[in-house]
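This report refers to the structure that appears directly beneath it.
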Amino acid sequence: MGHVVIDVMLKPEILDPQGQAVGGALPRLGFEQFTDVRQGKRFVLTVDGDVTDAHLAAARDAAEKLLSNPVIEDVVSVRAAGADEDPDQ
Amino acid sequence: MGHVVIDVMLKPEILDPQGQAVGGALPRLGFEQFTDVRQGKRFVLTVDGDVTDAHLAAARDAAEKLLSNPVIEDVVSVRAAGADEDPDQ
Amino acid sequence: MKVGVVTFPGSLDDRDALRAVRAVGAEPVSLWHGDADLKGVDAVILPGGFSYGDYLRCGAIARFAPVMDALVPAAQGGLPVLGICNGFQVLCESHLLPGALIRNDHRKFNCVDQRLVVENASTAWTSDFEAGQEITIVLKNGEGGYVADEATLDRLEGEGQVVFRYAASNPNGSYRDIAGVTNERGNVVGLMPHPEHCIEDGYGPSLDGLPFFTSVLRQAVSA
Amino acid sequence: MTQQLNRPAVDTVEHAATTPDVDQPWAELGLKADEYANIREIVGRRPTSAELAMYSVMWSEHCSYKSSKVHFKLWGENTTDEMREKLLVGIGENAGVVDIGEGWAVTFKAESHNHPSYVEPYQGAATGVGGIVRDIMSMGARPIAVMDPLRFGNLHHPDTQRVLPGVVAGVGGYGNCLGLPNIGGEVVFDDCYQGNPLVNALCVGAMRTSDIHLAKASGVGNKVVLFGAKTGGDGIGGVSVLASETFDEGGPTKRPAVQVGDPFAEKVLIECCLDLYKAGVVDGIQDLGGAGLSCATSELASNGDGGMQIELDRVPLRDASLRPEEILMSESQERMMAVVHPERLEEFLAITDRWDVEATVLGEVTDGDRLVITWHGDVIVDVPPRSVAHEGPTYQRPLERPAYLDALQENGTRTLAKPSTGDALRADLLTLLASPNLCDKSWVTDQYDRYVMGNTALAMPDDAGVVRVDEETGRGVAVSTDCNGRFAKLDPYAGAQLALAESYRNVATSGATPLAVTDCLNFGSPEDPGVMWQFREAIRGIAEGCKTLGIPVTGGNVSFYNQTGDVAIHPTPVIGVLGVMDDVARRTPSGWRTPGQVIYLLGTTRDELDGGEWANVVHGHLGGHPPVVDLAAEQLLGEILVNASRDGLVDAAHDLSDGGLAIALAEATLRHGVGARVWLDDVAARDGIDVFTTLFSESTARAIVAVPRSEEVRFTDMCTARGQVHARIGVVDDQTDGLDVQGQFTVSLEELRRAHQDTLPAVFGR
Ligand SMILES: Nc1ncnc2c1ncn2[C@@H]1O[C@H](COP(=O)(O)OP(=O)(O)O)[C@@H](O)[C@H]1O
Ligand SMILES: [Mg+2]
């Protein structure tokens, strides 16, 4: 079994209330070094067998059509999961 | 400015309604090749200057304490963003 | 008897909880998230709402409010604490209660008059119920799916820590139909439905919320 | 320092005065040549780009009401002194305010967010709710409830699958997080809304009469404070043409096409504002909505008695690359502007601090009569504020009754095939009950919190939403919103009055005395004379109708350009009526539950099927004349219903509207699952119509009520004494499974339920 990882983030110019809330909480917990936080989504898609180029192409297509809202989000990356990222480990 | 990327996923044994919904919608759009979908969170933390080991250690700490709930989630990775991932591009 | 109700930024049902406390003749006390002081109250309610917008995970940020630094040890020491909806989520995030709450399985916010079975009528907040009693309480949330690992669920069932279960139908995919749980000692109770919306004739579907508040009153009187 | 160097030159007043011939993009900004010329005349030179930005947005249709304003005199002309008595604040302010007695005032208003919700349904709807809530807050009131009249295209069109779930989630996501109960609204489907869904939002607020706040900046030396969220590049698509002109290489960074709402920020802002009001530290206040700072500064200054001086570079930014023109026009959400006495400033800031709300002093009220805005010391705006806020252009657009109307009205329902057997009537009832407009809406309304605040006495699916305002006495208000766009298409004057009548009736049915009206007028392009005629007819209908009913219009909203190509939506004047009740615990619910109670039909039924749901659903037909409006009959019915509630004469009441008596009976049965036996032959004979017409006609001024036997004589005596037409048509009966329409058909509760409840889940899932 292989896995495709798709990362989706809000476009930089779009307000990110979620990231802001996290960014506001971090200093209260003593983390002062982070000047900004943005929160996005990560999808892991499972395929039978190894991840092929066809899988990646389909995933890219799905990312644009379904997994992201092009009005406010960008698909940041679509890639095969590294061995160390296997979610079934 | 540097960026730390933190990935958080629901533990495999925890129900993932959002992932399931995506998984259900994909075949309707003609994507039959994905056997399972899980949805997680991706955080991008900004730091002044380059990402140092100290930043990464702090981010790991924040990931465990605030950004994930160990009862239901795993911190999948904490790493410096690659140059190609710069969210301010 | 004094019952405190904590207001976090984004709390919504704090005034309703204060009203419920008043309705049973106890003295309501407002507690502020930023105060590290419980003002000598005899019990605390963490109300419903969307603390900090519930943006990260419900209750995740509220858990770190200064007032929680005082509340957590007090609860561990036996202070009666009731977490309603967002309050339940805060208690889980604070590890005062086991498990966690995730997005409803149908992925929508859901506001319904929900039937429940009282499974445990011996906690600080449920002693005025009968075990096995069916009640109707307002349920309204987007992230009310109760989850925990199998071992925890078995333990909760075995120790009688499941306090409420959804009757008729499961509205959100909660494991084992669990609507509310308690800690081992029975002083900390959390549930997703909203008893504070069921205390006045003409406002809400029932009066089944009142026993929550009379229970804790009786507990204080007998203590 | 580096920032200083990188800052491109701005277009200052000084520069503008010496460069009169600079080519300005006024057309791209939506201004007409004569409007631009007018601006030049007002400022006595060419405007700076910041001034041009302000004028262009404030003189837009949306902000200036330039096409509709000339018709607004109809409001005033039709408002009598008696109607004005209860009106504490009338049309013109952020929202109207009415006196509901015992020292309480209520403010309510509806607004549209149609286009943004089509582009991005979730955020469009969410920010629509956010905007109307801030309007209510700016009157000094605590928001206490919201409602959402919604209209979509065909239920089965694929795009409806995109738009509806997003809109509903957005309304819920924002309103629920604010802690405002959603107590009603509408969900209507019609092909005419396919490319132009209507997302209207209404908010109700309450306050003590002594606490009303107005949007004005007076008192020289008073501080102007911006507080709430940081300013980003939201909603400034248009004005970027200006910014790009002054930009060096690279151009401006991308500007978001949609606004994203942050309901948590707004919730905190509400509580913060209420604390500020309580402390008495606010002299004037204005919400930031459309046109952002351009609107807030010019309106505050123009409503005050002096001028205003603003240092724009002090505005806290989310995006440091924003240009002054963009900052002036940004529509970033969750912001407010207050005018504060200098001696109270410290107290003000302590309160905003406590709520973690960012507050910045931008400037102060001056003794001149100019609005002066600087950018790092350079004057970039120097204008008379009234010319921006209130003296925009107005147009007397041509109007003409559409040519198609005669043929449309000619084509009534008389010739349509009608059911004549009991079985056929039964089949039509089930078809209607399952139809998109009449089916159960809980798939939508269950996504809204109707209980938060603990004051909700009635909400969906009852006829009106009812909330308590005063916890001591139970005094409260009832609100309903209604509009049947098909009626308005057939006859906009009558259609608007029918919307008013239905909303009035819904409020009275709940037991409240109707008191005031708000509207949200959704129409096609004002440049189409046919649309403009519809608009004028609708306003006339509402204004004259309100005069007859004796309840004033307190405010409203106009949304034009709801059309695809040159096809406009049905004229859709959504009407909200607000009523008052001494003790809302005595409200009348819409479903019966006590066996043995007697069912009365109040009012007369005529053969009025044109434009109704039966013709729409069964025949896909639209034509003829809408039902006759009889406002005197509505008033009488209202009095009967209100008295019956006050004196405990009825246990349930449900008004008759879409789908007629058939649907009302089915809904009242379904509400608590208690059946009823009904006989209609006598009442049909009395009204000179057949049973089919009795069941499906949409004649107005009608309701059904369930009367306890012990009160029957008192109830019928009251009707007789007042001349209210009434007929005993049935009995509540738990031995009857569902509805038994005697001599015609029976239909079980399960069949009713399945027909009613399966429609939306079948399309949108569980
Ligand atoms: N979008 C909505 N939001 C909230 N409530 C709604 C919405 N749509 C319909 N409702 C509620 O559902 C019920 C039935 O709606 P409707 O049939 O339009 O009422 P009526 O015919 O009495 O005006 C009413 O209580 C109404 O307020
Ligand atoms: Mg009605």
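Our numbering is plain: 1 for the first residue shown, then up by one each step along the chain.
In case you wondered, yes, glycine gets a Cβ from its N, Cα and C as well.
The helix, strand and coil residue counts that DSSP assigns across the domain 'Phosphoribosylformylglycinamidine synthase linker' (D:27-66) are 25 helix, 0 strand, 15 coil. Summarising the annotation, TrEMBL assigns domain 'Phosphoribosylformylglycinamidine synthase linker' to D:27-66.
Cβ neighbours of D:His62 (active site) (same chain, under 8 Å, six or more residues apart in sequence): D:Gly290. Marked as active site by TrEMBL: D:His62.
A strand conformation is recorded for D:Gly556 (ATP binding site) in the three-state DSSP classification. Annotated ATP binding site per TrEMBL: D:Tyr65, D:Lys109, D:Asp519, D:Gly556, in sequence order.
Mean pLDDT of the predicted structure over the domain 'PurM-like N-terminal' (D:92-207): 96. According to TrEMBL, the feature domain 'PurM-like N-terminal' maps to D:92-207 (among others).
If you take the C-beta of D:Asn557 (Mg(2+) 1 binding site) and look for same-chain residues 6 or more apart in sequence within under 8 angstroms, you find D:Lys109, D:Ala110, D:Glu111, D:Ser112, D:Asn200, D:Asp519, D:Cys520, D:Leu521. The Mg(2+) 1 binding site annotation in TrEMBL covers D:Glu111, D:Asn557.
A coil conformation is recorded for D:Glu331 (substrate binding site) in the three-state DSSP classification, outside any helix or strand. Applying an 8 A CB threshold to same-chain residues 6+ apart, the list for D:Glu331 (substrate binding site) reads D:Asp234, D:Gly235, D:Ile236, D:Gln259, D:Leu288, D:Gly289, D:Gly290, D:Ala291, D:Gly292. Per TrEMBL, the feature substrate binding site maps to D:Ser112, D:His113, D:Asn114, D:His115, D:Arg134, D:Gln259, D:Glu331, D:Ser332, D:Gln333, D:Ser559.
Sequence-distant neighbours of D:His113 (active site, proton acceptor) (same chain, 6+ residues apart, CB-CB distance under 8 A): D:Gly124, D:Ala125, D:Thr127, D:Gly128, D:Gly131, D:Val199, D:Asn200, D:Ala201. If you look up TrEMBL, you'll see D:His113 marked as active site, proton acceptor.
The annotation domain 'PurM-like C-terminal' is assigned in TrEMBL to D:220-375 (among others).
Residues or ranges marked as domain 'PurM-like N-terminal' in TrEMBL: D:462-581 (among others).
Residues annotated as domain 'PurM-like C-terminal' in TrEMBL: D:595-736 (among others).
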Original post:
Taking the domain 'PurM-like N-terminal' (D:92-207) as the reference, which of D:27-66, D:220-375, D:462-581, D:595-736 gives the largest number of Cβ pairs under 8 angstroms?
Top reply: D:462-581
Subject >> Best-contacting stretch, by C-beta pairs under 8 Å, relative to the domain 'PurM-like C-terminal' (D:220-375) and drawn from D:27-66, D:462-581, D:595-736 >> reply: D:27-66
Original post:
Near the domain 'Phosphoribosylformylglycinamidine synthase linker' (D:27-66), which same-chain residues lie under 8 Å Cβ to Cβ, leaving out any that are not at least 6 residues past its ends?
Top reply: 10-13, 15-17, 19-21, 72, 238-239, 241-242, 245-246, 290-291, 294-295, 298, 324-326, 328-329, 373, 375, 380-384, 387-389, 392-395, 526, 558, 560-561
**OP:** Might you list, by sequence position, any residue in that chain lying six or more from D:Arg134 (substrate binding site) with a Cβ less than 8 Å away from its Cβ?
**Re:** D:Glu266, D:Leu269, D:Asp287, D:Leu288, D:Gly289, D:Glu334, D:Met336
Original post:
If you measure every Cα to Cα distance among D:Ser112, D:His113, D:Asn114, D:His115, D:Arg134, D:Gln259, D:Glu331, D:Ser332, D:Gln333, D:Ser559, the residues said to bind substrate, what is the biggest one in Å?
Top reply: 21
Original post:
In angstrom units, rounded to an integer, how far apart are the Cα atoms of D:Gln333 (substrate binding site) and D:Gly556 (ATP binding site)?
Top reply: 21
Subject >> binding-site residues listed as D:Glu111, D:Asp519, least Cβ neighbours within 10 Å >> reply: D:Glu111
Subject >> Cβ neighbours within the same chain of D:Gly556 (ATP binding site) - under 8 Å, at least six residues apart >> reply: D:Ile91, D:Lys109, D:Ala110, D:Thr518, D:Asp519, D:Cys520, D:Leu521
Original post:
What is the number of other Cβ atoms found within 10 Å of the Cβ of D:Gln333 (substrate binding site)?
Top reply: 30
Original post:
Where does D:Arg134 (substrate binding site) sit in DSSP terms: helix, strand, or coil?
Top reply: helix
